[in-house]
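Inspection log for the structure reproduced underneath, given as structure tokens.
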Amino acid sequence: ALHASFVTSLTTAGAFCATALSPLVPLRSFGVFSAMVILCVFTLNALILPPLTVMYTRSLAGRGWCASILIVCTFGLCGTKKYEDPGESLNGSQYVVGVDEPAPPPPPPLSNNPFLKMVASPAQQPSPASQNPNNPFAATSGSQNPNNPFAATSGPVVEGATPSVEEKLRPDPAEKRDTKKLRFTERFFYQHYYKFLKSPARFLVLLAFAGLFFLGAYLWLQLDLPTEPEQWFPADHMFQQYQELATNKVFSAAPTLVNVSIVWGIGGVDDSNTNPWIPSDLGNVVYAENFDPSTAAAQAYIMRVYETLKTAACAKSACVGSLLINPLYEIRNILGQTSSTGALNSGFYYWLNCGEGNGYSGVTVNSLNPTVGSASSGYCQTTCGGVTVTCSGTATTVDPTTNPLTGDAFNAAMCAYANVEDTKVQYPSHVGFFTSSCATSPASRASFMLMDAASSLRMPVAPVAFKEVRDAWNDFAATWNADAPSELGAGSATSTNPFWLWSVTSLSLMDNVYLGFKVCFPMVFVVLSISTCNVVLAFYSTVTIAGIVTTVIGVGAGGIQGWDLGTAEAIAAVIVIGFSVDYCVHLANAYIENDAVDRQSRTRSALTTMGISVTAGAITTIIAGVFLSMCILLFFVKFSFLICWTIFSSYVWAVVFFGALCMTAGPSGNFGDISWVFDALFCRKKKD
């Protein structure tokens with residue numbers, strides 16, 4: 001039992017540890033913490049439960065309440081008598097008896113069997129006939145005559161080989177059980193359930209479970225990200241009702257906007273030296289070394305992207321008005337924004353022509369002062385803030401497309417503009433200057449630049465719809481990246497909106513499901529191969545576990561509940577492997593560790609020995625999982641169903657399918673045994 005418990009604890013902990021490969025820190029923490037809890041529980045049980053069992057057997061077994069209370073209260077000083085080891089009364093018998101059971105007499109040796117003597121005597125007498133190779137009763141020294149059908153074998157029984165006489169005469173180990181002393185569940189598995197599995201009905205069982213497996217796999221393939229926003233509270237909860245009212249435009253509040261930015265100059269994040277368990281340790285931003293927005297080509301390119309984005313089409317259903325942006329909100333482009341007529345009305349170049357950037361600090365363009373510029377310096381444009389302006393002297397109009405500033409002049413002026421207080425409010429973090437002074441020579445160059453716009457997406461929407469809009473933005477950026485000048489580099493679409501980030505998280509959870517399966521199933525097969533030293537039994541167990549997983553996710557979550565592959569389902573899909581291993585592993589170890597030889601006796605013994613344990617474990621776990629259904633958060637309600645359905649499916653697949661499979665095609669004798677591999681690895685001598 002300790003061996004089986006260790007294997008189940010190890011596989012369950014391994015399934016939880018598979019979540020440590022997820023990029024999501026909370027999921028990694030949950031998986032590792034759960035794995036540590038499982039291993040600690042096993043360690044405590046292995047260290048504490050056996051001594052307590054010995055103490056109970058020696059001091060409390062067979063005593064009444066009063067005597068037991070007296071012994072406990074006096075710490076065993078009163079009411080106890082000398083313990084007698086029941087093993088001393090066995091007299092070398094191979095049978096295991098209880099404390100109050102007398103040791104049965106040892107069985108007569110098979111060598112006294114007259115039939116065996118009659119069969120073996122011709123080969124034992126040294127006569128010339130024994131040397132005749134055509135004599136079917138002859139046995140040669142050091143080997144067996146293959147023509148002798150009665151020759152006794154001393155080696156292991158292999159699949160398909162004819163059992164020897166001793167093995168035919170050997171009693172079935174399962175037959176030695178006294179049914180009167182078996183408990184109800186043990187008697188059920190030993191008698192009634194064994195007869196059921198021994199009948200031709202087992203073939204129908206295997207066929208039915210094969211159909212269930214393919215049905216679960218089909219329903220699983222139909223699962224996708226939720227098509228509706230995930231619901232975290234019941235329909236009658238006040239928070240859920242408020243969200244539905246806001247979504248249906250009952251309230252006059254403005255819809256939640258999703259601002260999307262197109263960024264140039266940032267190549268990614270270097271997280272190679274980060275600690276994944278510290279959420280604040282995000283790594284270092286990697287900036288493009290050759291990024292230079294001061295060139296005329298780079299500025300003209302940014303303005304073309306800006307003008308195209310105003311009318312960019314979006315064919316996705318979640319895009320309102322078939323546009324990529326919301327036309328009610330302006331696109332914030334720090335380089336320069338234009339009106340419907342193409343005139344600059346905001347941004348860096350507007351500031352140069354109409355504000356403090358024209359060389360006259362404090363000059364305000366209005367109807368009382370319509371003249372800016374001079375013969376010596378300054379920039380000017382004919383319309384500033386809706387006011388017609390007369391540009392005096394040699395003042396010129398700078399424009400990012402037709403007459404841009406370049407080089408150090410651009411860098412110095414842009415650095416000054418970025419430090420203006422109004423700029424910090426209107427264009428926060430739209431350009432990156434990491435310097436405390438703009439009066440350097442050469443002038444500091446910007447490290448990145450971005451423009452942002454309000455997406456036409458109206459929240460809340462399902463992750464699937466959000467993914468489609470994200471893909472549309474990425475396609476827009478990728479289209480323009482093909483013509484981007486080398487000094488600007490490729491731009492990328494991103495957002496700091498929590499809904500945008502949550503859609504990425506949802507996709508990561510879905511990817512984590514398949515990543516977990518890639519890790520868990522090979523791990524389960526390897527662990528079971530080492531545990532049972534039988535690859536056939538390990539393969540059967542892995543197939544059983546695969547059937548459990550498809551039943552839980554496909555039939556349970558997708559078929560019965562009609563769920564999509566949301567957050568709860570994605571997390572539970574990996575964890576379910578750990579829960580589904582337990583019962584199958586217990587039966588597999590009991591199958592291989594009993595002293596029976598043929599598959600039917602092994603299956604009968606395994607079900608009788610471990611059937612009561614897996615039944616009790618399933619009942620208690622389901623009872624514990626039911627209490628989660630009383631929670632308010634729907635995540636825990638879903639988790640309750642998944643736990644209960646997983647345990648139920650695990651029990652049915654292990655007891656019914658795995659039992660029928662072992663009864664039909666389970667390994668007999670040493671078929672599938674790989675203990676010789678470990679004997680060779682650890683230089684152990686093979687037992688005779």
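Every residue, even glycine, has its Cβ placed from backbone N, Cα and C.
Helix first, then strand, then coil: DSSP counts for the domain 'SSD' (1-55) stand at 51 helix, 0 strand, 4 coil. Residues annotated as domain 'SSD' in TrEMBL: 1-55.
Annotation source TrEMBL lists transmembrane segment at 30-49 (among others). Sequence-distant contacts of the transmembrane segment (30-49) (same chain, six or more residues past either end, CB-CB distance under 8 Å): 2, 5-6, 9, 12-14, 16-20, 22, 571, 574-575, 578.
As annotated by TrEMBL, region 'Disordered' applies to 94-177.
Positions annotated as compositional bias 'Pro residues' by TrEMBL: 102-111.
Per TrEMBL, the feature compositional bias 'Low complexity' maps to 120-136.
The compositional bias 'Polar residues' annotation in TrEMBL covers 137-151.
Annotation comment: TrEMBL describes 165-177 as compositional bias 'Basic and acidic residues'.
Taken from TrEMBL, the feature transmembrane segment covers 203-221 (among others). Using a Cβ-Cβ cut-off under 8 Å and counting only residues 6 or more beyond its ends in the same chain, the transmembrane segment (203-221) has close neighbours at 197, 546-547, 550-555, 558-559, 653, 656-657, 660-661, 664.
Feature annotation from TrEMBL assigns transmembrane segment to 513-530 (among others).
Under the heading transmembrane segment, TrEMBL lists 537-558 (among others). Sequence-distant neighbours of the transmembrane segment (537-558) (same chain, 6+ residues past either end, Cβ-Cβ under 8 Å): 209, 212-213, 215-220, 222-223, 517, 521, 524-525, 528-529, 531, 569, 572-573, 576-577, 580-581, 584-585, 588, 591-592, 641-642, 645-646, 649-650, 653-654, 657-658, 661-662, 666-667, 672.
Summarising the annotation, TrEMBL assigns transmembrane segment to 570-592 (among others).
Annotated transmembrane segment per TrEMBL: 612-636 (among others), in sequence order. Long-range Cβ contacts of the transmembrane segment (612-636) within its own chain (Cβ-Cβ under 8 Å, at least 6 residues beyond either end) map to 1, 183, 185-186, 189, 231-234, 237, 567-568, 582-583, 586-587, 643-644, 647-648, 650-651, 654-655.
Per TrEMBL, transmembrane segment is recorded for 642-662 (among others). Long-range contacts of the transmembrane segment (642-662) within the same chain: residues 193, 197, 202, 205-206, 209, 537, 540-541, 544, 547-548, 551-552, 556-557, 560, 568-569, 572, 576, 579-580, 582-584, 586-588, 591, 599, 602-603, 606-607, 611, 614-615, 618, 621-622, 625-626, 628, each at least 6 residues beyond the stretch ends and with a Cβ under 8 Å from a Cβ of the stretch.
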Checklist entry - Over the domain 'SSD' (1-55), what is the model's mean pLDDT? => result 81
